[in-house]
Amino acid sequence: MMDLELPPPGLPSQQDMDLIDILWRQDIDLGVSREVFDFSQRRKEYELEKQKKLEKERQEQLQKEQEKAFFAQLQLDEETGEFLPIQPAQHIQSETSGSANYSQVAHIPKSDALYFDDCMQLLAQTFPFVDDNEVSSATFQSLVPDIPGHIESPVFIATNQAQSPETSVAQVAPVDLDGMQQDIEQVWEELLSIPELQCLNIENDKLVETTMVPSPEAKLTEVDNYHFYSSIPSMEKEVGNCSPHFLNAFEDSFSSILSTEDPNQLTVNSLNSDATVNTDFGDEFYSAFIAEPSISNSMPSPATLSHSLSELLNGPIDVSDLSLCKAFNQNHPESTAEFNDSDSGISLNTSPSVASPEHSVESSSYGDTLLGLSDSEVEELDSAPGSVKQNGPKTPVHSSGDMVQPLSPSQGQSTHVHDAQCENTPEKELPVSPGHRKTPFTKDKHSSRLEAHLTRDELRAKALHIPFPVEKIINLPVVDFNEMMSKEQFNEAQLALIRDIRRRGKNKVAAQNCRKRKLENIVELEQDLDHLKDEKEKLLKEKGENDKSLHLLKKQLSTLYLEVFSMLRDEDGKPYSPSEYSLQQTRDGNVFLVPKSKKPDVKKN
């Protein structure tokens, strides 16, 4: 045989290519081009696709490396969960000032940031627990004077004001203490350069300045030269939009409280009593007692003002005093709008709100009874006699036994006029909702309430002026219905509506009858099922009794069998063995002693 050279299995032969060329010329609509059958062309496309895939993988790898390098420069914030750039350790530069209260600290550059262990070691080296470096108690007592007992709260010294010559001379410290202070500043610089403490964002200007206190030999009268720490500079941004008149009144009243001739007037009772006052009324009392100096030109004495302030903060709060506050002022419409429907027991000499019921318990119980009803049922209850409550006058409820008097004659007159208007309101007028100022228009309410109970067929029959009721159209027999229809003349629309009403009514009645029959059948089946269950229980009970009696009979029979078998004897007078013999009874009633057949023993090979 001749060996034929076969082309590789993956490559088409020349004969196949010629056949494909012939077929393509005969039918161009093969759906594919000739390049598809060209293996070299397909191989080039495969190599090109492979190169694109490798290039794509290379780009993805490069992007992953860039992301890895980018995230290496970030740190995760544990509080917010976002990535933040790692900030290098920045050294805090201290500001230099000409004042004696500020110390000059030179900037110490650091090549590497200190960590916590290095910092602790540096602290141990700087402040060793040795008696040589400790300051003696006498030196400490000479530097730190005793604070007078009448000054309970710490008083800060204003650093932006010039000090007296005696104070500046008294603040001169020994040389060794200056060196220790510089060491402390240097340690603070190194502490704040730790990366773990960068999140604190502590600056030198926010740190508490350490100032020297004059020795006890200085006169106690120098307290008058000090200026108490005022909260006005910190409030300049908040009260910047206020008028100068208000700021002047604030400064006068605040300075009159603090700038006293005798420091003993700053008692603990007056300083700490503001802790017992509710913070909700802080701004109200604040505006109340600072407005007095602006009204009168004469300033009260410091002792009287301190005594009145302590009484105001420690004494019981009167309801009439609260009416001065803006939250209880009747002249503010925004505050009165919030308490239109208030159920509070405190009466502030204001008229009852028209929008709310006279008693909240009555309104809540009335609303609960109407909660599960439909709109039509609610309207029926509204229209029923006795359902509308009579708005009689009621005595207002107060928290105290005395009546609260109005603050001014004009204000009291306005409230009395408003009460008179509320009493003269007609009783038949419906209560309005909180968003309305007038009573709703109720002219057509009765007719709409009646139409709400009509069905769709009744409304259509009423619109076409059909003189017969819908129930009569549906329920009349055929003869009576035809006789009724012959007595009247109807147009096509009326006839079509009457037929439609009767047809749908009959269908409805038929459906109701069908459902009724189905329900009756279901009830009958339930009764049959209950009867079968009772019969089953009865049969099971009888079966149990029969089984019990049968078991008793078997027991009696076995007892009789053993008794008869024990009475039998052989020729020798010996009893028969029950394992070898048995008693059997024939149909005629005779009993025979039959030996039991023994099975022959089969030996297994």
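Residue 1 is the first one shown; counting continues down the chain.
Cβ atoms here come from the backbone N, Cα and C positions, even for glycine.
If you look up Swiss-Prot, you'll see 334-354 (among others) marked as compositional bias 'Polar residues'.
The region 'Disordered' annotation in Swiss-Prot covers 334-449 (among others).
Sequence annotations record features per position, and here Swiss-Prot assigns compositional bias 'Basic and acidic residues' to 416-430.
Residues or ranges marked as glycation site by Swiss-Prot: K462 (among others). In sequence order, L454 constitute the residues six or more apart from K462 (glycation site) in its chain with CB-CB distances below 8 Å.
Secondary structure from DSSP puts K472 (glycation site) in a helix. Annotation comment: Swiss-Prot describes K472 (among others) as glycation site.
Annotation source Swiss-Prot lists glycation site at K487 (among others), citing experimental evidence. With a 10 A radius on its CB, K487 (glycation site) counts 7 other CB atoms from all the protein chains. In this structure, K487 (glycation site) belongs to neither helix nor strand by DSSP; it is coil.
According to Swiss-Prot, the feature glycation site maps to R499 (among others), an assignment based on a curator's inference. Other Cβ atoms within 10 Å of the Cβ of R499 (glycation site), summed over all protein chains shown, number 12.
The helix, strand and coil residue counts that DSSP assigns across the region 'Basic motif' (499-518) are 20 helix, 0 strand, 0 coil. The region 'Basic motif' annotation in Swiss-Prot covers 499-518.
Reduced to three states, the DSSP call for R569 (glycation site) is strand. Here the Cβ of R569 (glycation site) has 10 other Cβ atoms within 10 Å, regardless of which shown protein chain they belong to. If you look up Swiss-Prot, you'll see R569 (among others) marked as glycation site.
For 571-605 (among others), the entry in Swiss-Prot reads region 'Disordered'.
In three-state terms derived from DSSP, K574 (glycation site) belongs to neither a helical nor a strand segment and is classed as coil. Taking a C-beta cut-off of under 8 angstroms and a sequence separation of 6 or more, K574 (glycation site) has no same-chain neighbours. Per Swiss-Prot, the feature glycation site maps to K574 (among others).
If you look up Swiss-Prot, you'll see 579-588 (among others) marked as compositional bias 'Polar residues'.
For R569 (glycation site), the nearest neighbour among the listed glycosylation sites (K472, K487, R499), judged by C-alpha distance, is K472. DSSP assigns K462 (glycation site) to a helical segment in the three-state reduction. Counting in whole angstrom, K487 (glycation site) lies 15 from K472 (glycation site) by their C-alpha atoms. A 10 Å cutoff on Cβ-Cβ distances gives K472 (glycation site) a total of 12 other Cβ atoms nearby, all chains included.
Taking only the Cα positions, the spacing between K472 (glycation site) and R499 (glycation site) is 13 angstrom.
Mean model confidence for the region 'Basic motif' (499-518) is a pLDDT of 92.
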